[in-house]
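**Q** Have a look at the structure that comes next, please.
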Amino acid sequence: MTLDLSKPANAGYQSGFANEFATEALPGALPHGRNSPQRAPYGLYAEQLSGTAFTAPRGHNRRSWLYRIRPAAVHRPFEPYAGPQRLVSEFGDSADVPPTPPDQLRWDPLPMPVEPTDFVDGLVTMAGNGSAAAMNGCAIHLYAANRSMQDRFFYSADGELLIVPQQGRLFIATEFGRVEVEPFEIAVIPRGVRFSVTLPDGDARGYICENFGAQLRLPDLGPIGSNGLANPRDFLTPQAAYEDREGAFELIAKLNGRLWRADIGHSPLDVVAWHGNYAPYKYDLRLFNTIGSISFDHPDPSIFLVLQSQSDTPGVDTIDFVIFPPRWLAAEDTFRPPWFHRNVASEFMGLVHGAYDAKAEGFVPGGASLHNCMSGHGPDADTFEKASASDTTKPHKVDATMAFMFETRTLIRPTRYALDTAQLQADYFECWQGIKKHFNPEQR
């Protein structure tokens, strides 16, 4: 199967999460019984792409063998990229990362660009923590683009990219094959994988969590049992597909938060066959098996966990990716929206579609909010009054919504861009100022 970036893929997908996949676009392109034969079929080059240390435990080891027309080393030297440099990867105090305020923060959507702007040039870092160089923490980016990448290819050496489209489909042509995502779906592109993004709908906007640390995995289910939340079979990894093109192309690399570019005389999406467990994948959030209370109380939001990046402390993740999808609320004599909360973790939220059930207004699709460690947050005044008076003897369906959260164990530090942008809502705090005093010591 050869790649045509302008049309939907028809090579299909392979089902499963972190499976040992094997796929070939030409019959017999995968060597039989070995990884690196003296001569690979069709005159291809064998190349291993390692996502973990060679000696990582087998259950955590991630690598794939690629059989490609030219090795990845074939390109001209890199030089600093002359385009926009709006990405941050080190989150200590700096000109890019000012002191972090304890305020609750919320932003309007990133505006669509006026000038032609592709996926790479449309990226901007809003917040993050840790260090790409030290391989811990994450960066949270937004993207807004109106042009497909034209003879340009991109990869991040800093981390894996969890892409959450909010507007417009993305056709992502990768070394491993084609991944197509639309709003309500996510894509994960592993560290180092080269790709190009086509925008079939013209405009596109969304969110990215760039994970510097341990790779995303499915959470353990504990007493939920053997099924539930995001089921492994619903994750889709592309079949092999390649393009054999020569010409004047550009390869853009992200390393330590900076962009670099190199001339390359061929398309790097030239992998004819591959096998392994280190590969891009997609997931449809509408397939999430939501768990909730059928008696009383609103459970902790950990029941909405899709993917996690584990830390070295059991039970404490570096990153949790959580969603708030359509669901039934059936708890009786219970305040059903998310409750008021202060959290040792830090929470960056986005909205793909509809409205979030804890905010009556102000939090719109494409927008974002940040509630850092121990910053009080919760439903606004209107939501509290309505939910406190609602009839909880009848179930209620929260419909036409898809919100999500990147939750981290360490402080999420907004960038200078995020604190200075016109999209920052200076009046966000007002949504709680109308909360009334109901206390009466004479009436229980």
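Backbone N, Cα and C define each Cβ position, glycine as well.
Pulled these features from Swiss-Prot for this protein:
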- HIS298: active site, proton acceptor (ACT_SITE)
- HIS341, GLU347, HIS377: Fe cation binding site (BINDING)
- TYR356, HIS377: homogentisate binding site (BINDING)
**Q** Between GLU347 (Fe cation binding site) and TYR356 (homogentisate binding site), how far is it from one CA atom to the other, in Å?
**A** 15
**Q** Quick check for the class: what is the C-alpha distance, in angstrom and rounded, between HIS341 (Fe cation binding site) and the residue listed as 'active site, proton acceptor'?
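**A** The separation of the Cα atoms works out to 12 Å.
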**Q** Among HIS298, GLU347, TYR356, HIS377, the recorded positions in question, whose Cβ has the most other Cβ atoms within 10 Å in this structure?
**A** TYR356
**Q** Quick check: which same-chain residues outside HIS341, GLU347, HIS377 lie with their CB within 8 A of the centre of the Fe cation site CB atoms?
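**A** So the extra residues in range turn out to be PRO338, ARG342, ASN343, HIS371, SER375, GLY376, GLY378.
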**Q** Count the Cβ atoms, other than its own, that fall within 10 Å of the Cβ of HIS341 (Fe cation binding site), considering every protein chain shown.
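**A** Summing over all protein chains shown, HIS341 (Fe cation binding site) has 15 other Cβ atoms within 10 Å.
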